[in-house]
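> Input: one structure, supplied below.
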Amino acid sequence: MPVLHNRISNDALKAKMLAESEPRTTISFYKYFHIADPKATRDALYQLFTALNVFGRVYLAHEGINAQISVPASNVKTFRAQLYAFDSALDGLRLNIALDDDGKSFWVLRMKVRDRIVADGIDDPHFDASNVGEYLQAAEVNAMLDDPDALFIDMRNHYEYEVGHFENALEIPADTFREQLPKAVEMMQAHKDKKIVMYCTGGIRCEKASAWMKHNGFNKVWHIEGGIIEYARKAREQGLPVRFIGKNFVFDERMGERISDEIIAHCHQCGAPCDSHTNCKNDGCHLLFIQCPVCAEKYKGCCSEICCEESALPPEEQRRRRAGRENGNKIFNKSRGRLNTTLGIPDPTE
């Protein structure tokens, strides 16, 4: 029976990937469609992807598939053909090709079955996720940006919006997509007469969000086809002005794709212009935050002096200190400081 999960250490896999000479292509895609048996589908796709040396992160659920992957350049054509042939619902599926890609985005294949491909918190049995808003292409996006009756809503997390967004786009102040959905409805109640344009990284969140807005009585709803990634690609190909400012945060080793030259964020430690996210090098922290090169050297890649000191301790002492700590999702929020703080480690700005 084939092995349907990875058995090699992360360090060994990363070293193997970095030693590869063949270029890789980072691809993301999603599809909302009914999967009767997600577990069987997962196992079949795992074998297909493994045979083509595909790395990345793939989620499957009864509602569909969501994938961010890295494919050897020589296998991209074969991968596309086999994916399209795997299920009729996937035939002709749009694949978002990364914009700013060094091919080192992933080094292991992780494929999981979940309740939803995007955690939305929706439990309304009458919600129809297929009743989505209209798609917008690149030229239409630019026209909407100039329309005084249009409102752009960013359906990404605060740390994504912080480093890049469309001109005058509205940020929904939340830390997760499930928190954003009810807030978006609440914030837009006074603007039901407006044209609402929703966007996200690759389209998966704004597509569902557009359906949620329509479910809640909003009739003028659009969303950007393929999200920021596809918009920027098509705008460049068509010689259109790219109206997205800054960097597009991505959920892989790169942590961002450069869309425009503007740097609109700041180092969370010293305030210098910077839009480079990193995770605190202290294994007892791993806070996601923005750090400039000067502070990276000063704090040795850590978010605070305490983390810097702790990361320099012998490994056994570090493990002893980590024992019993809360291991939550730690993200620095510029307005509220640290979220789900690791016990005993202060906010880096204090």
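Each residue, glycine too, has its Cβ placed from N, Cα and C.
Just lifted these from Swiss-Prot, have a look:
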- 146-240: domain 'Rhodanese' (DOMAIN)
- CYS200: active site, cysteine persulfide intermediate (ACT_SITE)
> Provide the three-state DSSP residue tally for the domain 'Rhodanese' (146-240): helix first, then strand, then coil.
43 helix, 19 strand, 33 coil
> Pop the mean pLDDT for the domain 'Rhodanese' (146-240) in here, whole number is fine.
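Average per-residue pLDDT within the domain 'Rhodanese' (146-240): 94.
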> For CYS200 (active site, cysteine persulfide intermediate), what is the tally of other C-beta atoms lying within 10 angstroms of its C-beta?
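There are 25 such Cβ atoms around CYS200 (active site, cysteine persulfide intermediate).
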